[in-house]
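S.K.: Pasting the feature list from TrEMBL:
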| type | residues | note |
| --- | --- | --- |
| DOMAIN | 14-149 | domain 'MARVEL' |
| DOMAIN | 154-298 | domain 'MARVEL' |
| TRANSMEM | 45-67 | transmembrane segment |
| TRANSMEM | 79-102 | transmembrane segment |
| TRANSMEM | 122-143 | transmembrane segment |
| TRANSMEM | 155-176 | transmembrane segment |
| TRANSMEM | 188-213 | transmembrane segment |
| TRANSMEM | 225-247 | transmembrane segment |
| TRANSMEM | 273-292 | transmembrane segment |
Amino acid sequence: MMESSGGPYLNTAAVASPVGVARLLQVAFGCTTFSLVAHQGGFSAAYGTFCMFVWCFCFAVTIFIITCEFTRLHSCLSISWGNFTAAFAMLATLMSITAAVIYPLYFAQFGCYSISCKVRDFRIAASVFAGLLFIAYAVEVILTRAKPGQVTSYMATVSGLLKIVQAFVACIIFGALVNDSQYSNYVATQWCVAVYSFCFVVTVVVVAFNVTGRTAMLWCPFERFVVIYTFVAILMYVSAAVIWPVFCFDSKYGSPWRPYQCSQGKCPWDSQLVIAIFTYVNLVLYIVDLAYSQRIRFVSHP
């Protein structure tokens with residue numbers, strides 16, 4: 001006679017709950033998107049490869065998450081599952097919206113001038129499903145985001161989600177830096193690169209400590225560490241927000257206007273402008289993060 005295991009092995013809520021349904025839609029939309037592109041839509045160059053990577057990567061990780069939750073295997077993993085799924089949902093949202101913008105921008109068109117109408121239709125369909133994929137991931141972020149007074153994983157809080165956005169914005173800055181931004185011309189702009197690198201690394205470390213459940217290994221309470229680091233990051237980004245535009249757009253060091261001889265897509269001035277814009281974006285994100293981090297610390301220690 002077999003003994004009762006004390007409960008079901010399979011977790012049907014993993015696919016029947018609102019979050020589970022959102023994940024199933026992510027799988028369906030993701031699979032449809034890269035299948036359309038691979039079959040007839042086509043892709044080329046670095047931006048096309050990036051889009052395919054995003055859709056395949058998000059599809060694979062979402063399948064992994066659904067499988068682990070449905071079979072309850074996530075309880076055997078030595079990670080903080082709630083932090084991992086919340087962090088991935090935010091990352092997938094950012095990556096999918098980037099791909100949903102890039103692919104139609106470079107590949108989709110309404111006319112059949114340089115490609116066949118069949119290829120055009122496949123590309124338009126892929127663009128539509130790429131947009132639906134972004135919506136599905138955004139819905140999961142909304143459904144799993146921490147509500148006021150709710151005890152939940154740190155990565156599901158506004159502060160935790162902002163960490164993912166900050167790291168993603170830093171990656172955009174790094175992409176512009178390597179695209180002939182001429183940051184090595186001055187020590188001051190090299191300092192800005194050091195600021196972006198330091199803040200990116202520490203932010204990734206904070207996320208990694210939460211996902212692996214190792215926050216207790218920090219030399220001080222996690223909430224205090226986050227507040228101190230975020231404050232330091234704001235000061236460093238303020239310096240970069242002042243220095244970078246001066247040494248790139250002041251007539252003494254750079255050019256206030258885009259040089260007319262610069263070719264489209266290969267102009268250092270364009271990269272410098274992108275870096276300046278996203279420097280201010282990340283500065284605002286860190287300021288908002290500090291406000292929420294301080295709030296979390298206050299709630300945790302009344």
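Just so you know, glycine gets a Cβ as well, placed from its N, Cα and C.
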S.K.: Tell me, please, if the transmembrane segment (79-102) and the transmembrane segment (273-292) are in contact, taking contact as 3+ Cβ pairs under 8 Å between residues separated by 6 or more positions?
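M.R.: Taking Cβ pairs at least 6 residues apart, the transmembrane segment (273-292) and the transmembrane segment (79-102) are not in contact, as fewer than 3 fall under 8 Å.
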S.K.: Considering only Cβ pairs under 8 Å, which range in 45-67, 122-143, 155-176, 225-247, 273-292 makes the most contacts with the transmembrane segment (188-213)?
M.R.: 225-247
S.K.: Count the CB pairs under 8 A between the transmembrane segment (155-176) and each of 45-67, 122-143, 225-247, 273-292, then give me the winner.
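M.R.: Answer is 273-292, with the largest number of Cβ pairs below 8 Å.
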S.K.: Thinking of Cβ pairs under 8 Å, which stretch from 45-67, 122-143, 225-247 has the most of them with the transmembrane segment (273-292)?
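M.R.: By Cβ pairs under 8 Å, 225-247 leads among 45-67, 122-143, 225-247.
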